[in-house]
């Protein structure tokens with residue numbers, strides 16, 4: 001046996017470690033490779049560039065309300081294809097596909113619970129469900145949220161993320177703009193706070209109704225907020241729009257919104273604002289709250 005064969009016989013080949021799918025993800029803005037569980041702990045905010053990625057409606061509500069206090073409202077409401085609408089695909093098929101993809105029946109999730117011990121009702125849009133579009137069920141659930149806030153004499157918070165009214169429901173979707181706005185008038189009559197949080201994106205009929213009717217209209221950083229999109233506006237007016245047009249930083253500069261709050265700071269700041277509006281003691285930021293246990297980061301990073 002030659003010397004090289006003797007060396008080769010003592011070499012034990014190693015197996016390549018396999019990384020389960022979904023452990024790592026990439027930031028949409030800076031391209032940084034991120035550990036999925038670490039990103040979830042940071043509320044879907046990139047630790048490198050502070051880009052606020054989209055959150056699911058349930059994750060958003062669970063990150064806002066106190067552990068163990070959440071009760072879902074309006075979950076029995078389901079959309080119906082009353083018009084038998086069809087474009088390139090049947091509406092009922094689009095609904096079935098969206099429900100399978102997201103696990104939600106429609107684009108708005110409503111829950112009541114407590115925020116630092118203070119009773120609140122909160123609603124959040126699921127943008128992955130047909131672009132967070134507003135149909136009759138979204139309108140009905142929002143009104144249910146208002147009614148619950150009135151019954152409990154507590155504030156209402158809504159996190160918007162929507163492309164606007166759902167075209168497959170035609171006038172029934174447009175009617176929700178008036179329906180939700182009329183419901184909010186009852187909150188105003190009672191003197192109960194309604195805080196609207198505009199996330200990326202908040203457009204169309206949602207921005208033209210309840211999303212901009214808050215006692216405070218708060219936005220996340222760099223959120224796209226408006227009625228028509230920038231490209232549509234440019235094609236209509238035949239002019240180039242200024243940089244950052246319709247982003248939350250542009251809107252606060254023009255006085256269209258009241259505040260911009262980073263997502264990791266949202267929970268405490270909302271609680272502080274509502275405590276003042278409701279004449280309640282300020283929340284204790286040191287109050288214990290169970291968090292998500294994040295597993296350790298794997299030693300091996302994914303291959304480029």
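Just so you know, glycine gets a Cβ as well, placed from its N, Cα and C.
Among the ranges 4-26, 27-49, the one that Swiss-Prot lists as zinc finger is 27-49. Packing around residue 27 (Zn(2+) binding site) is summarised by its Cβ count: 18 other Cβ atoms lie within 10 angstroms of its Cβ, all protein chains included. Around the Cβ of residue 30 (Zn(2+) binding site), a 10 Å sphere holds 12 further Cβ atoms from the protein chains shown. Each of the binding-site residues 46, 49 was scored by the other Cβ atoms within 10 Å of its Cβ; the lowest score goes to 49. Across the zinc finger (27-49), DSSP assigns 6 helix, 4 strand, 13 coil.
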